[in-house]
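Visitor: Straight out of TrEMBL:
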type	residues	note
TRANSMEM	31-53	transmembrane segment
DOMAIN	101-525	domain 'Major facilitator superfamily (MFS) profile'
TRANSMEM	206-230	transmembrane segment
TRANSMEM	242-266	transmembrane segment
TRANSMEM	272-290	transmembrane segment
TRANSMEM	353-371	transmembrane segment
TRANSMEM	383-405	transmembrane segment
TRANSMEM	412-431	transmembrane segment
TRANSMEM	437-460	transmembrane segment
TRANSMEM	472-494	transmembrane segment
TRANSMEM	500-520	transmembrane segment
Amino acid sequence: MLSEPSAANKVADYEADTSFLGEWGRFQQRVFFLLCLSVIPNGLTGLSIVFWADTPAHRCMLPAHLNLSAAWRNSSIPLEEDASRGGDLVPSKCFRYKLEHLLNYSETGLLPGVDVNLSNVPKEGCLDGWEFDHSVYTSTIVTEWNLVCDDSWKTPLTSSIFFCGVLTGSSISGQLSDRFGRKIALFGTLALQGVSRFIQIFSPNWTVFCVLYFIVGMGQISSYMVAFVLGVEILSFRARTIFSTAGTNLFFCLGYMLLPLLAFYVRDWRTLILVLTLPSCLCLPLWWFIPESPRWLLSQGRIEEAEAIIRNAAEMNNIEPPAVIFCPLQVKISKRVESYNICDLIRSPNIRWISITLWVIWNTLVIGYFALSLNTSNLHGNVYFNCFLSALVEIPAYVLSWAMFHWCSRRMSVFASLSSGGLFLLIIQLVPAHLVFLSITFEMMGKFAVTTAFSVAYAYTAELYPTVLRNTAFGACSMASRIGSIIAPFFIYLRTYYIYLPYILMGSLTTVAGLLSLLLPESFGMPLPETISHMQQFPGTGNVQRMLSSQRMGF
């Protein structure tokens with residue numbers, strides 16, 4: 001009786017049977033750049049909340065008809081300590097002195113601080129609303145719906161609701177993509193993202209806005225993940241390495257760098273969202289130029305369609321394809337289609353521990369990346385320049401990640417970048433308070449290291465999981481990491497209690513995640529696995545699997 005061909009042979013067959021296409025022909029170039037273009041809208045919109053949900057300087061409004069003297073009008077706001085500024089006294093943003101007392105003092109000619117001790121004057125909330133500083137923004141959702149003081153919790157919650165949408169999108173997009181195909185999932189989620197963001201412009205209140213923002217989050221992460229997996233599965237090894245570590249990330253960064261430029265010229269939040277909606281719509285015509293993944297088609301037993309795509313690629317590259325592209329051995333294997341789902345990620349000890357470790361690492365990376373990115377509006381200086389600087393540091397990070405992925409161990413690359421990022425963030429608390437620019441430098445170095453680790457870990461994950469589960473695994477990793485993204489907005493608000501607390505927590509978590517990465521198996525220089533049995537082994541699970549196999553055989 002002949003033995004079944006191994007999964008390793010299947011991988012080798014696919015790589016060998018498509019090698020005649022070359023590494024960097026017109027087909028590969030078109031797929032590479034068009035998929036990268038589809039990522040630009042994610043960079044533009046992913047962190048746009050930094051601008052259209054920023055909280056300008058504000059104070060309690062005084063009625064215009066109020067008959068107060070200039071002295072009492074200027075002293076109507078009490079001073080409070082601001083923990084985020086080292087305990088400095090600043091005008092209160094949420095309280096004013098009771099107007100009836102101020103009117104009485106003003107009418108009797110008493111002067112504040114001279115005849116009246118202000119510390120004894122009763123206070124009240126901003127009963128007539130707030131005055132907002134419009135020197136930076138014409139309007140934001142904060143000024144539109146007064147999301148300050150007792151409602152200030154709604155601002156970070158807005159970000160968290162978006163990331164809840166990202167969590168939901170991560171949980172379903174991978175399985176939909178594995179079930180219905182990469183191409184349908186990619187353009188379906190691009191359309192969902194564009195339509196929901198356009199409707200968001202007409203939101204009558206904060207609740208409706210957040211419901212639509214949840215849907216935007218679903219579409220955004222889904223389109224990014226599917227585009228990434230599609231490129232990894234179509235491109236050859238060298239092009240795949242550049243695409244997964246530098247290509248998509250640099251185009252995401254390009255969109256991120258354009259964001260502060262657009263926001264600088266468009267200061268109204270509704271108009272800004274309209275401008276940011278257009279790139280998603282412009283990506284939809286790419287449907288006619290981006291093919292389905294041949295690997296996915298083979299895994300579904302759709303051999304003829306996969307071969308048609310490869311023949312079309314050969315024609316574009318001016319290469320004569322062989323008469324039979326996929327040998328009978330591979331066709332035989334491909335037709336034995338088996339259904340997989342998210343439960344297979346924890347079914348066996350090996351894939352279970354790989355998954356759990358990656359979930360922890362992704363969660364930590366997302367906390368660090370989004371907390372540092374959202375924190376740009378709290379840094380000293382111009383918010384537009386700070387956002388641009390935060391985007392700019394990602395370019396060398398992506399270049400470094402490509403170099404590390406090309407020449408270095410995957411495991412050591414993740415460990416080195418995570419550990420250094422944690423160190424930079426922990427150092428910030430040691431910098432004297434007056435050296436603001438030095439603190440910003442260390443924060444940007446931490447962002448650089450975390451971004452490098454994120455880029456490497458993303459591509460590393462694609463190499464660890466097999467084709468039959470790759471997109472589902474990406475969805476699960478992204479889904480697990482969204483716990484971090486949901487709490488990341490509240491992470492930066494911890495600075496109101498102690499300015500260095502966010503950095504201490506992020507630095508510690510990042511360092512621990514770096515140590516955990518040393519447990520992952522190495523995948524450098526190895527072909528992409530096609531089945532679960534071809535995955536690399538997590539330390540200690542090989543013996544467990546052999547014991548289980550022996551028990552099943554009756555030993």
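Note: Cβ is positioned from N, Cα and C throughout, glycine not excepted.
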Visitor: Taking the transmembrane segment (353-371) as reference, which of 383-405, 437-460, 472-494 has the most Cβ pairs under 8 angstroms?
Guide: 472-494
Visitor: Do the transmembrane segment (242-266) and the transmembrane segment (412-431) come close, with at least three CB pairs under 8 A (pairs 6 or more apart in sequence)?
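Guide: Counting Cβ pairs under 8 Å, fewer than 3, so no.
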Visitor: Residues of the same chain, at least six outside the transmembrane segment (272-290), with any C-beta under 8 angstroms of its C-beta?
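Guide: Same-chain contacts beyond the flanks: 30-31, 34-35, 37-38, 40-41, 44-45, 48, 51-52, 183, 186-187, 190-191, 193-194, 197-198, 200-201, 230, 255, 259, 262-263, 266.
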Visitor: So what's near the transmembrane segment (412-431) in sequence-distant terms, Cβ-Cβ under 8 Å and 6+ beyond its ends?
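Guide: Contacts of the transmembrane segment (412-431) (Cβ under 8 Å, skipping residues fewer than 6 from its ends): 361, 364-365, 368, 401, 404-405, 438-439, 442-443, 445-446, 448-450, 452-453, 456-457, 460, 500, 503-504, 506-515, 517-518, 520.
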Visitor: When you check the transmembrane segment (437-460) against the transmembrane segment (31-53), do you get at least 3 Cβ pairs under 8 Å, counting only pairs 6 or more apart in sequence?
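Guide: These two stretches do not touch.
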Visitor: Which residues of the same chain, at least 6 past either end of the transmembrane segment (206-230), have a Cβ under 8 Å from a Cβ in it?
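Guide: Beyond its ends, the transmembrane segment (206-230) has Cβ neighbours at 35, 38-39, 41-42, 45-46, 141, 145, 147, 154, 157-158, 161-170, 172-174, 177, 182-183, 185-186, 189-194, 196-197, 199-200, 244, 248, 252, 290, 293, 458, 462, 470-471, 474-475, 478.
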Visitor: In the predicted model, what is the mean pLDDT computed over the domain 'Major facilitator superfamily (MFS) profile' (101-525)?
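Guide: Overall, the domain 'Major facilitator superfamily (MFS) profile' (101-525) comes to a mean pLDDT of 83.
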Visitor: By a Cβ-Cβ criterion of under 8 Å, what residues six or more beyond either terminus of the transmembrane segment (383-405) are in contact with it?
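Guide: Tertiary neighbours of the transmembrane segment (383-405) are 43, 47, 50-51, 54, 136, 241-242, 244-246, 249-250, 253, 256-257, 259-261, 263-264, 372-373, 376-377, 413, 417, 440, 444-445, 447-449, 451-452, 455-456, 459-460.
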